[in-house]
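Participant: Here you go, one structure.
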Amino acid sequence: MGNLYSEYLSTTKVEEHYNYTKETLVTQETVSRQVASALIIILCCAIVVENLLVLIAVARNSKFHSAMYLFLGNLAASDLLAGVAFIANTLLSGSVTPHLTPVQWFAREGSAFITLSASVFSLLAIAIERHVAIAKVKLYGSDKSCRMLLLIGASWLISLVLGGLPILGWNCLGHLETCSTVLPLYAKHYVLCVVTIFSVILLAIVALYVRIYCVVRSSHADVAGPQTLALLKTVTIVLGVFIVCWLPAFSILLLDYACPVHSCPILYKAHYFFAFATLNSLLNPVIYTWRSRDLRWEVLRPLQCCRRAAGVQGRRVGAPGHRLLPLRSYSSLERGTHMSTSPTVLEGNTVV
């Protein structure tokens, strides 16, 4: 065990493993690879901004402090960190990879596994919450908020442990024949274990949603109001998008376990499948805002404020001395109330 950990700071181990499992090792950046890396970084920056807006919206508006939206906020947090992890992974890949030490490589890949685990456990927590709210006809009360936060904390703790197992010792350093082709420092059995756990959890989530839909379609369907059913459809879409985006990557990892070294050329194209999987973190915020009108207003509020501030500045410059009419705040629109100002006609005040 001591010899194993002494290799964590070796500057030649990563290159040794890549030379064993890969057909070729990228040692210089080509123009096409630089363009692809730039596009991925732009995509990941969009992921970070989108999910940050969702988190700000959930934190700022007390309307979204219910269990359902807090779990969606937790999923947005994992997607945001996934975007950051993918940026780091991209910057530390290619010609940089041979110069990494094993501990740096484990940190690079482990961060992506941690955020993936957090996303899967967030989906499980959402499914459990929907089952409790609909099938059991119960809601999280203030006395159970601590339990809900503990569930979120436990999901992140389990994700950290699951993603940190390789750096704790479950890797293939010193055992090249057991190494993964896609992830050359990970043991094949570890990759199989992780994919199996994720698959079992996803099957359990699907079973929960089938159970929920059976309850909704039964004679007791009146227990679910329109808003509850809308939330149920939203999280079902989120689950479906996750499966569609990550199924090719999971399939590649299962194929990696079954294939001997150099026997499956498609494994050398695995980065395309993982790039496709990153779209999941980009699409989730779009789904939230598309399905929820209130959340859409709250997410777009910072952008509207910036545009309004720019418009006010422009009118001040273009028409000096012009007195601006007071506008109703967004909070008054949310509550459906009217401000007691003198009657005025304001343009652009239509709510879609």
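The backbone N, Cα and C atoms fix where each Cβ goes, glycine too.
Model, not experiment: these values are computed from the prediction.
According to TrEMBL, the protein carries these features:
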DISULFID  C172-C179  disulfide bond
DISULFID  C259-C264  disulfide bond
DOMAIN    50-288  domain 'G-protein coupled receptors family 1 profile'
TRANSMEM  35-58  transmembrane segment
TRANSMEM  70-92  transmembrane segment
TRANSMEM  112-128  transmembrane segment
TRANSMEM  149-169  transmembrane segment
TRANSMEM  189-210  transmembrane segment
TRANSMEM  230-250  transmembrane segment
TRANSMEM  270-290  transmembrane segment
Participant: Going along the chain, which residues at least six beyond the ends of the transmembrane segment (270-290) come within the CB cut-off of under 8 Å?
Facilitator: 40, 43-44, 46-47, 50-51, 53-54, 72, 75-76, 79-80, 82-83, 86, 119, 182, 234, 237-238, 241-242, 245-246, 248-249, 251-252, 256, 296, 299-300
Participant: What mean pLDDT does the predicted model reach across the domain 'G-protein coupled receptors family 1 profile' (50-288)?
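Facilitator: Computed over the domain 'G-protein coupled receptors family 1 profile' (50-288), the mean pLDDT is 87 on the 0 to 100 scale.
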Participant: Same-chain Cβ contacts of the transmembrane segment (149-169) under 8 Å, 6 or more residues past its ends?
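Facilitator: Those are 1, 4-5, 8, 70-71, 74, 103, 106-107, 109-111, 113-118, 121-122, 124-125, 128, 185-187, 190, 194, 197, in sequence order.
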Participant: What is the separation, in Å, between the Cα atoms of C179 (disulfide bond) and C264 (disulfide bond)?
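Facilitator: With distance taken Cα to Cα, C264 (disulfide bond) is 14 Å from C179 (disulfide bond).
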Participant: Could you state the whole-number distance in Å separating the C-alpha atoms of C264 (disulfide bond) and C172 (disulfide bond)?
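Facilitator: On Cα coordinates alone, these residues lie 20 Å apart.
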Participant: Which residues does C259 (disulfide bond) neighbour through Cβ under 8 Å, counting only same-chain ones at least six apart?
Facilitator: T181, L267
Participant: If you count, for each of the disulfide-bonded residues C172, C179, C264, the other Cβ atoms lying within 10 Å of its Cβ, which residue has the minimum?
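Facilitator: Lowest Cβ count within 10 Å among the disulfide-bonded residues (C172, C179, C264) is C264.
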Participant: Per the definition of 3+ C-beta pairs under 8 A with sequence separation of 6 or more, do the transmembrane segment (230-250) and the transmembrane segment (35-58) touch?
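Facilitator: When sequence-distant Cβ pairs are counted, the transmembrane segment (35-58) does not touch the transmembrane segment (230-250), since fewer than 3 lie under 8 Å.
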Participant: What else in the chain is close to the transmembrane segment (70-92), if you only count residues 6 or more beyond its ends and a Cβ gap under 8 Å?
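Facilitator: Tertiary neighbours of the transmembrane segment (70-92) are 37, 40-41, 44-48, 51-52, 54-55, 58-59, 64, 100, 104, 108-109, 111-112, 114-116, 118-119, 122-123, 125-126, 129, 148, 152, 155, 235, 238, 278, 280-281, 284-285, 288.
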Participant: Sort out the residues at least 6 away from either end of the transmembrane segment (112-128), same chain, that have Cβ-Cβ distances under 8 Å to it, and list them.
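Facilitator: For the transmembrane segment (112-128), the sequence-distant neighbours (Cβ-Cβ under 8 Å, at least 6 residues beyond its ends) are 68, 71-72, 74-75, 77-79, 81-82, 85-86, 89, 151-152, 155-156, 158-160, 162-164, 194, 198, 201-202, 204-205, 208-209, 235, 238-239, 242, 246, 280-281.
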